Amino acid sequence: MRSKHLVTLFIITFLSFSTVKVWGKDVFAGFVTKKLKTLLDCNFALYYNFKGNGPDAGSFLDFVDEPEQFYWFVEHFLSVKFRVPKHLKDKNIHNFTPCLNRSWVSEFLKEYEEPFVNPVMKFLDKEQRLFFTYNFGDVEPQGKYTYFPVKEFHKYCILPPLIKTNIKDGESGEFLKYQLNKEEYKVFLSSVGSQMTAIKNLYSTVEDEQRKQLLKVIIENESTNDISVQCPTYNIKLHYTKECANSNNILKCIDEFLRKTCEKKTESKHPSADLCEHLQFLFESLKNPYLDNFKKFMTNSDFTLIKPQSVWNVPIFDIYKPKNYLDSVQNLDTECFKKLNSKNLIFLSFHDDIPNNPYYNVELQEIVKLSTYTYSIFDKLYNFFFVFKKSGAPISPVSVKELSHNITDFSFKEDNSEIQCQNVRKSLDLEVDVETMKGIAAEKLCKIIEKFILTKDDASKPEKSDIHRGFRILCILISTHVEAYNIVRQLLNMESMISLTRYTSLYIHKFFKSVTLLKGNFLYKNNKAIRYSRACSKASLHVPSVLYRRNIYIPETFLSLYLGLSNLVSSNPSSPFFEYAIIEFLVTYYNKGSEKFVLYFISIISVLYINEYYYEQLSCFYPKEFELIKSRMIHPNIVDRILKGIDNLMKSTRYDKMRTMYLDFESSDIFSREKVFTALYNFDSFIKTNEQLKKKNLEEISEIPVQLETSNDGIGYRKQDVLYETDKPQTMDEASYEETVDEDAHHVNEKQHSAHFLDAIAEKDILEEKTKDQDLEIELYKYMGPLKEQSKSTSAASTSDELSGSEGPSTESTSTGNQGEDKTTDNTYKEMEELEEAEGTSNLKKGLEFYKSSLKLDQLDKEKPKKKKSKRKKKRDSSSDRILLEESKTFTSENEL
């Protein structure tokens, strides 16, 4: 017995010692050294030798001061399965055999649940520096740079220009070109007149006979050939995060960098320090007022030099992938990490201030979890479900004894009292067709994503998710709202039967699922926005699961706003067991450790709120319609009792773990009636605003760079330059900016390039809709269950003349079954033209405002309606009436369940 105790004591001591060893100052050293050091060295060797010309010292990545470079290395090397590129297989660089088909991040996360990223950064930085020292000796490592290309000070070249021609050299066959040196450029600048006059003046001063002969050939062929003077590009190189962390504006950051660099008397080692010499030379050649302005710039931080030459677009920067460095056409410097987008031009000027635009604000890499970069679906699921598995033992099914003990009132819920309409705000507009509502719902969600991704406050982000609390609630709530709107219009005979096969939630799912659908607006290639859009895509799928009994083509579920929920949990809202039925349904998903638990819970609560919302709106403001479908909705007082019962159950000891798990991922706003209804009212206001905006064209900022209007052609100093520097009221960039801020500004006649969320589908796509619908049904099988043949054939027959929403952010046109094909086509294109005139593109796309994230449902800004939408009512066709009547006879009504 003593020996067993001694063995136990020895094991505990050994384990404690091992833990101290691993979790010391270098928290990952113990584990990584033993198991992953080899794989890490393989990745470093592959990265530094990627070009195949031996290790490159310019490839060093600063993991600590430039977190974006750390995540880049994780994304492109550590998180993918290790493979040797073809161009390196025959080179004896490193022994890669032990590392093949292994992912460093995947293996690392299997040992560490979800470590803090900062210690990982520091550890990998230390390992990289050891690798760098081993290969390059005493060379000082420098992290990669962010490039800011600049060519001109107004229209003066910063560097000596290049004279390009289309005159062919008789010997080489290449076009003649002439690169000016500094002395020649000084003569060029002193010339007065046209560019050819300056070239002729230069010819008279050149002493080198060979260069002089080249200029002579150019001058002699000026009348028959194309001759131009082009400015070379100078790349301002910055360690972006490190040098811009204290500045809230990209352009001001570059200004501050130039001040610090140029005011140093000794020669700076920074690669962009020579820009000061180029500017000093240029300003001395041009003389006043430029030289005086440069001195003011050096001493006064309010004096700015770097200005935008074009209205900036997203993405702000082009970040390169490893394969881009192998492209001989791009010819990238190894030390270049990212470069200012080619559409986002900058130039130098002492005139005016930097325009007020959020795109000029500094973008810094946020700290994200390593699990974001896991390679395979298996890795992602492993890390996600691991969180759920730690929640404890599963909840056992409720017993009859417990039910009889906890339920004191076994009577059925009944309430026929009238609604107090003085406390109800009118919000619902029944005249908007469902097809329009679908597109507007997607657009509203895009605007919500804008607000969330632009927030700088991470306080509302749950610890175990990258999505802000409340976002999934808004996504599901809006989907449920418009889904129920479809049912209400069906019951009131205001909508075409064909809309039953085009559910809003599925439209939203398809809209946000594919990132390629979002090209042309702010969401495309925005990592944060992509995460939110995919989360909304997944969440919206659970709405039809609750509203339509998980099988989306069962006609009986369209007969009320709660029948699908009743069938889902096998109980009726009036039953005293209804709350327990909902909780027990959710317990099954909680015990599985499934994300579906959270999404089903939000969807079920949303459906209950939606019943209350439509009951109040129809009862108070649409009394005739209300009498027709009164029995198809749950009375608000009953809804309140159900919601209160669910909330109390979730707070009980038995189900408290479920509530805790939910709050780890989502907001408690779902339990607040006031906040939920505020979100619904805000969406209704947005619908009215959007309908009004659809009637006019909104001017869109062109992506074409703005050309500066100045009489200065880059030749010499003249009086007009002084006027340009001192008297010009505003730059073209500011003029464009102010014009876009004024929403009532006059419209321009040129073709606009607005990126609409409601784009019409091309005619060629119409023929493919049937196939796409079938593909979608197969894809959604695991969520919705099998399809009924009768309803499937009905929906297939009724969709032959309809525009589908299966691809892209489009709205669908509906046409009655008794219209001819020509008339249907005319109506289709008429609606397409109306949609093309719609406004409502993202304000972030225009770069006019800086949105703060709305972290709670009641904090979302309300959209102000501007005009009333013209009333239009669609009648259901007679054939659809017969179909619905026949199908309704084959199913029991909701009152019999």
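All residue numbers here begin at 1 and follow the chain in the order shown.
The backbone N, Cα and C atoms fix where each Cβ goes, glycine too.
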- Answer for the disulfide partner of Cys157 (Swiss-Prot, candidates Cys99, Cys231) is Cys231
- Task: Using Cβ-Cβ distances, find the residues under 8 Å from Cys253 (disulfide bond) that belong to the same chain and are at least 6 apart in sequence, listing them in sequence order.
- Result: Leu238, Glu243, Cys244, Ser247, Val362
- Task: Other Cβ atoms within 10 Å is the metric here; tell me which of the disulfide-bonded residues Cys244, Cys475 scores highest.
- Result: Cys475
- If H, G and I count as helix, E and B as strand, and all else as coil, what does DSSP give for Cys276 (disulfide bond)? helix
- Could you tell me which of these disulfide-bonded residues, Cys276, Cys421, Cys536, Cys620, has the greatest number of Cβ atoms within 10 Å of its own Cβ? Cys536
- If you run the three-state DSSP split on Cys244 (disulfide bond), which class comes out? helix
- Counting only residues 6+ apart in the same chain, whose Cβ is under 8 Å from the Cβ of Cys231 (disulfide bond)? Lys151, Glu152, Cys157, Ile158, Leu159, Pro161, Leu162
- Cβ contacts within 10 Å for Cys157 (disulfide bond), all chains included, total 22
